[in-house]
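First the structure, in the form of structure tokens, and then the observations on it.
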Amino acid sequence: MLPGLALVLLAAWTARALEVPTDGNAGLLAEPQVAMFCGKLNMHMNVQNGKWESDPSGTKTCIGTKEGILQYCQEVYPELQITNVVEANQPVTIQNWCKRSRKQCKTHTHIVIPYRCLVGEFVSDALLVPDKCKFLHQERMDVCETHLHWHTVAKETCSEKSTNLHDYGMLLPCGIDKFRGVEFVCCPLAEESDNIDSADAEEDDSDVWWGGADTDYADGSEDKVVEVAEEEEVADVEEEEAEDDEDDEDGDEVEEEAEEPYEEATERTTSIATTTTTTTESVEEVVREVCSEQAETGPCRAMISRWYFDVTEGKCAPFFYGGCGGNRNNFDTEEYCMAVCGSVMSQSLLKTTQEHLPQDPVKLPTTAASTPDAVDKYLETPGDENEHAHFQKAKERLEAKHRERMSQVMREWEEAERQAKNLPKADKKAVIQHFQEKVESLEQEAANERQQLVETHMARVEAMLNDRRRLALENYITALQAVPPRPRHVFNMLKKYVRAEQKDRQHTLKHFEHVRMVDPKKAAQIRSQVMTHLRVIYERMNQSLSLLYNVPAVAEEIQDEVDELLQKEQNYSDDVLANMISEPRISYGNDALMPSLTETKTTVELLPVNGEFSLDDLQPWHPFGVDSVPANTENEVEPVDARPAADRGLTTRPGSGLTNIKTEEISEVKMDAEFRHDSGYEVHHQKLVFFAEDVGSNKGAIIGLMVGGVVIATVIVITLVMLKKKQYTSIHHGVVEVDAAVTPEERHLSKMQQNGYENPTYKFFEQMQN
């Protein structure tokens, strides 16, 4: 009777799975789906052409609740009767993700797990049951769990029967993305492998193998999408931060929420693995067999970063997992991999490799990123107002990790040398060479991590400075356009804008200094870009100051305060130059967000070439000439143009530092730096600050200074010429031609003169003349 009942149940479930909804969804080309990637606009499937499209409103991103996902499905598919959502079984690859307020979408590719938008009354999925496979199902009316929970139940059930999970679907919905049961197909191990190899890797019936231990994910369904998204974000975070001027603020909270479950899961799986590997001999045999397998990507085409234990190296190494299939030598983190395989495999390695060098239990340098608790946590988290504090913590963690690893290697080196005392000389050399290479690798890896850390930090600081400068300039222009304008408010906004530009200039110089120290070739390549950026800052400030001419009353009232403000900036630049000369640079990554400005040690010198670019060309004009500017009664302020003066045809009054400056006349501007002993290099700074000077009122003093300078220069030149002439003597150490017709006495005299002989009579008369 039981076999007959089983056949009846199977037929009933199959008939239910083959039912077709009656709401008109059968005529759609593709199933309604939505996909999210924090920091990017949401994507949805076009049911007419089967292609992924960006959010139609251009504003929705990264919805954190299932209710919000259901509402979003109803918004993007208003013509369909969306009643529920369920997480898809397979991750998908989607291109052309867009950012907010961006007209053009970049061709970045991300692998995410979408949500299916269920239309009409719920109908279970139709599951194909291959030969020798079994169709199973479980229902619990007292349980209402998520898709991920039931996926884990199905997989564990198949594992208990020594089979693989082939396909599965949800049963009996009890809420939004919550169900009371699951239907699934289990196939024998050999049959499942054959079916997967023969099937298309991108079809929906391929098995999603989540890797690692069978951890309980019942409470972490929302975090799974975020973790998969984080793995893909690591691949392009540097490029995103270098190209974009805006920060991904939407992803902060979601990533922070994902960190705690991730750490808890890691600790839990590590403790379970440690206990398992020390229980019985049979368990150790199983673990040894698992850790001896080669890494398998699997038939799917995803790019998920995972770790496997390399028996030949005696350590865990990274590889890319395709998303399905593969074997059990597949771990989420390096710590979990070493916890499972490290202790068990160490005994086997000692037995089989006694003639070789001892294996290193310390993680050897790899091209992959550091552990999540070191640099990755900083790199994966978008920048915010506490960027400098986060950077300092990441830098300290990086240095502490490097010191710990170096200390461990040194201790092992000492132990190896003690054990190698009785070994042949060749073996001793091999031990020394082995550890020398390891130390060099650790140093190189630390240098690469520092470089990556600093470059990411610099890019984030640059984006923040751009936002601050833009906001300060907008507030300054708004204050000038107010009716009536308030001089005090205008001055405060101008002061904030000047400080923002000063921060931008300081950051540019700091970045050039760091690049020059770590990569002189790259510094030579970006030299022209740095110069162009400094020129743009200079001209942008002059234009902003010139906007006061459009409001003469305000300009006249705050003239003294602005003069004092610009004079303070001049004094600050002098202090920067003095500190830079006296204090060597001993750390990396100092930036414009540091609280103390007295720690600044860097400036840049812009040197003229061939006399085509003089110091006077960089002197800004006095921004106040109210009498020479017509009154502006409408308080209209033109927007600031950041182009060079020659390109926009900027006109200035006589005496202006920008008068007659043309970009084609400036053939080249060199930024030269010299290394001085152990203190690194010093780059001197031509003062790119903006002073309010009244050139016309000091013409007499300037002429007097010029005349005095000419007189002093003349005296110095004459003194140098006389001193140089006095040094000339009749001593000659070169070859003197000797005439063959001279007498032997004259020839002998010539030889004596070549050897330094001087006629006392001649020397006496020379001294008398002098």
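Placement of Cβ uses the backbone N, Cα and C atoms for every residue, glycine included.
Going by Swiss-Prot, these are the annotated features:
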- His147, His151, Tyr168: Cu(2+) 1 binding site (BINDING)
- His677, Tyr681, His684, His685: Zn(2+) 2 binding site (BINDING)
- 268-281: compositional bias 'Low complexity' (COMPBIAS)
- Cys38-Cys62: disulfide bond (DISULFID)
- Cys73-Cys117: disulfide bond (DISULFID)
- Cys98-Cys105: disulfide bond (DISULFID)
- Cys133-Cys187: disulfide bond (DISULFID)
- Cys144-Cys174: disulfide bond (DISULFID)
- Cys158-Cys186: disulfide bond (DISULFID)
- Cys291-Cys341: disulfide bond (DISULFID)
- Cys300-Cys324: disulfide bond (DISULFID)
- Cys316-Cys337: disulfide bond (DISULFID)
- 28-189: domain 'E1' (DOMAIN)
- 28-123: region 'GFLD subdomain' (REGION)
- 131-189: region 'CuBD subdomain' (REGION)
- 135-155: region 'Copper-binding' (REGION)
- 181-188: region 'Zinc-binding' (REGION)
- 196-284: region 'Disordered' (REGION)
- 391-423: region 'Heparin-binding' (REGION)
- 491-522: region 'Heparin-binding' (REGION)
- 523-540: region 'Collagen-binding' (REGION)
- 695-722: region 'Interaction with PSEN1' (REGION)
- 732-751: region 'Interaction with G(o)-alpha' (REGION)
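Using CA atoms as reference points, the disulfide-bonded residues Cys105, Cys117, Cys316 were checked against His151 (Cu(2+) 1 binding site), and the closest is Cys117. In terms of C-alpha distance, the listed recorded positions Cys105, His147, Cys316, Cys341 place His147 closest to Cys73 (disulfide bond). Same-chain residues that are not part of His147, His151, Tyr168 yet have a Cβ within 8 Å of the Cβ center of the Cu(2+) 1 site turn out to be Glu87, Asn89, Leu148, His149, Trp150, Thr152, Ala154, Gly169, Met170, Val182, Phe184.
Pairs of Cβ atoms less than 8 Å apart link the region 'Copper-binding' (135-155) most often to 181-188, out of 28-123, 181-188, 391-423, 523-540, 695-722. For the region 'Interaction with PSEN1' (695-722), the DSSP-based tally of helix, strand and coil residues reads 27 helix, 0 strand, 1 coil. DSSP assigns Tyr168 (Cu(2+) 1 binding site) to a strand. A distance of 28 Å separates the Cα atom of Cys133 (disulfide bond) from that of Cys144 (disulfide bond). When other Cβ atoms within 10 Å of the Cβ of His147 (Cu(2+) 1 binding site) are tallied across all protein chains shown, the result is 24. Listed in sequence order, Val287, Val290, Cys291, Phe309, Cys316, Asn329 are the same-chain residues six or more apart from Cys341 (disulfide bond) with CB atoms under 8 A from its CB. Shown are the disulfide-bonded residues Cys38, Cys62, Cys144, Cys291; of these, the residue with the fewest other Cβ atoms within 10 Å is Cys144. For the pair formed by Cys174 (disulfide bond) and His147 (Cu(2+) 1 binding site), distance between Cα atoms is given as 12 Å, rounded to the nearest Å. Neighbours of Cys98 (disulfide bond) among the recorded positions His147, Cys187, Cys300, Cys324, defined as a Cα within 10 Å of its Cα, are absent: none qualifies.
Helix, strand and coil counts under DSSP for the region 'Collagen-binding' (523-540) come to 18 helix, 0 strand, 0 coil. Nearest to Tyr168 (Cu(2+) 1 binding site) in space, judged by Cα atoms and limited to the disulfide-bonded residues Cys62, Cys105, Cys300, Cys324, is Cys324. Counting in whole angstrom, Cys117 (disulfide bond) lies 28 from Cys158 (disulfide bond) by their C-alpha atoms. Cα separation, Cys144 (disulfide bond) to Cys187 (disulfide bond), rounded: 27 Å.
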